[in-house]
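Below: one structure, written as structure tokens.
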Amino acid sequence: MSKSNVTRRGVLRTGAVAGAGVALPTIFTASSARAFTNEPTGDTVTLGFNVPQTGAYADEGADELRAYELAVEHLNGGGDGGMLSTFSSQVLDGSGIMGKKVEYVTGDTQTKSDAARASAKSMIEKDRAVMITGGSSSGVAIAVQGLCQEAGVIFMAGLTHSNDTTGKDKKANGFRHFFNAYMSGAALAPVLAKEYGEDRKAYHLTADYTWGWTQEESIKAATESLGWETVETVKTPVGAGDFSSYIAPVLNSGADILVLNHYGGDMVNSLTNAVQFGLREKQANGKNFEIVVPLFSRLMARGAGESIKGILGSTNWHWSLQDEGSKAFVQSFGTKYGFPPSQAAHTCYVQTLLYADAVQRAGSFDPCAVAEALEGYEFDGLGNGPTLYRAEDHQCFKDVLVVRGKENPTSEFDLLEVVEITPRSQVEYAPDHPMFSGGSLGSCNSGA
Amino acid sequence: MDAVILQILNGLDKGSAYALIALGLTLIFGTLGVVNFAHGALFMIGAFCAVTLNRLLSLSHQVVDETQKDFLGNPLKVDVPYVNDIFGEATGSAIIDWSVPLAILFSIPVMILIGVIMERGLIKHFYRRPHADQILVTFGLAIVLQEIIKQIYGANPIPTPAPDAFTGSFDFGVLLGFDPNAVIYPYWRLIYFAFAAVIIGAVFAFLQFTTFGMVVRAGMADRETVGLLGINIDRKFTIMFGLAAAVAGLAGVMYAPINSPNYHMGMDFLVLSFVVVVVGGMGSLPGAVAAGFLLGVLESFASMNEVKAILPGIDQIIIYLVAIIILLTRPRGLMGRKGVMED
């Protein structure tokens, strides 16, 4: 056996010194040359997709993730390019964002604010994500938006419908493409008045959190201005499971319309309960009793099955739209996954493209430059007609769809029919509208 | 008055589900001495038995219909269930329509099997361990079962309608002399209540009037002596576990049309069912049933607008509030026996 001077201790010591030596320069450059949070230095850029992968909205989250993956593929020049060819701004050419290949990390929000913040934080600090997007609950969106503001990254909200996201809780680093409760009310109320008359008495069941409150307020205001009367508004706990004890008193309350301000599993359960109680076959005040679900999604419609037929609601987007942008998106999504995209998928895909486009136009990943490029930006070709990203509150203004549960669906995806495309002008409101007042954007934070 | 009757009716079907689950919990606790936190998962699996049978019956092959187009503009592929091929379209759709009642037959062997596997495979190793260990392992098992179901069926609720014949609701108000529509109640919920009553009656009759039941009751009272008499009480208890699983499963099957099954429905019921067991008195079967209905009705009353106007938020805490009051005045619960969980 030959004698050697190499010892375990020695190897470890040398390794540690060498390791520290290699790491030293990067530690210095990372902190000294940083112009803003997570400035991409290599030839790739990392985006953080924060969606519910477990919990009650997991199916919605899965569809959002499919859309994000598709968007990344298109940005990097893969697939058929989807909406890149229909987007009015033609600065994206499939070569990534500013020549950097797009990579992504995903986090699981679990539809809980604290879990969503933790996963966003991890993606920002550990994976160096330069932008966070996603979510399918307003509670989560508002929590993550606040975190991104503090961390100095851009937040492109996914499915969030509460007025507060771009109202009292708006942030300079946060942007919402999805429509909101006020817009649902403004679009839905005239159709409701036309279909059911102006002399109606409504009973609201409302999910007891930020989104439910703002939706109830919005629908109530919009319908009352058309002559409806609101008999009663009842708050229900989120995840109540069985809503029968809330549904049972409705028919005897003097109301002839039931408005369900519920979403996801709650909406599926409350609507199913209401239909079981036979509300839709009943008469009240000499009129047919009707149910309204102001915020619809196709994934929810599938959960509610037969119950959804004939019921009016509003939605941000639907795959049956015939504009070029929607057709291109449905084509590439449908070809890749075998079924049409949901409204959640649409808004997430569009948000990713809008972010990439803003970076490209600004010529920088700096959140403040990106925010500036998005503010007051007018675009078209992404599915809802000409759209404005309003500078005052970072809310997109575009056409809104009023939809109805289809009576004779031809497939499990063909569940909603578009009743009316409400023009953008009808759903616009002043930035200081009372339903949105109370907060301020503040100034953008680049984390520098 | 009509509102009160309505809420009593309403409480009865929720109470039926609590009572059925609590009955199974008490059976397992009384016979095996195990606190089974996986019992809610058995209820959930029962509901998914209905979903599974519905899916099995609806298994289809695709026929291309050239006259219609799908969302990408290709010829539409229409699903034709195999049962339609075998029995013709009318009988085929009737079979699918009746899948929930049929699932009762389907679920009994499945649930007994799952129960026996659970007991032999995992729970029997925890008989002599402290209750805390039993709670941890059964709770873990519940999470595992829940995740398996989510993996297979996804996270969203799956609509599982009752047969068409039972849709709509019954107008009680007219019978009692109120205005039409004052007291209406869905047919299926009435059936659920009747079904629960039959099952509860059957379990009691089984324990009261059969030799097997007698031995089990003797075992609940004094396991050691029954063993010394040369009776294989362990085996009997395994069967009881299977039976309790079947009761929870049946409660789940019949509940599927009331609320579309989702993977966490078991947890929603489990916690309340435990409160029911404790309020009813640990180890007391009639106590579990009585407390189940009592708390179901109370919960219903608490969500009345008139009550909530006086005590906001009462609907979410009423059960726990009543549980605290009952336990303060009767520490063993409504019908608890001396010596249970007190050694």
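Keep in mind that glycine also has a Cβ here, set from the backbone N, Cα and C atoms.
If you check TrEMBL, you get these features:
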type	residues	note
TRANSMEM	B:16-35	transmembrane segment
TRANSMEM	B:42-64	transmembrane segment
TRANSMEM	B:102-123	transmembrane segment
TRANSMEM	B:190-216	transmembrane segment
TRANSMEM	B:237-258	transmembrane segment
TRANSMEM	B:270-297	transmembrane segment
TRANSMEM	B:309-328	transmembrane segment
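Within the same chain, the transmembrane segment (B:270-297) stays apart from the transmembrane segment (B:102-123): fewer than three Cβ pairs sit under 8 Å, each pair at least 6 residues apart.
Between the transmembrane segment (B:237-258) and the stretches B:16-35, B:42-64, B:102-123, B:190-216, B:309-328, it is B:102-123 that has the most C-beta pairs under 8 angstroms.
Sequence-distant contacts of the transmembrane segment (B:16-35), counting only residues of its own chain at least 6 positions beyond either end whose CB sits under 8 Å from a CB of the stretch, comprise 42-43, 119, 123, 126-127, 131, 134-135, 138, 192-193, 195-197, 199-200, 203, 216, 219-220, 236-237, 240-241, 243-245, 247-248, 250-251, 255, 269-270, 272-274, 276-277, 280, 282-285, 287-289, 291-293, 295-296, 340.
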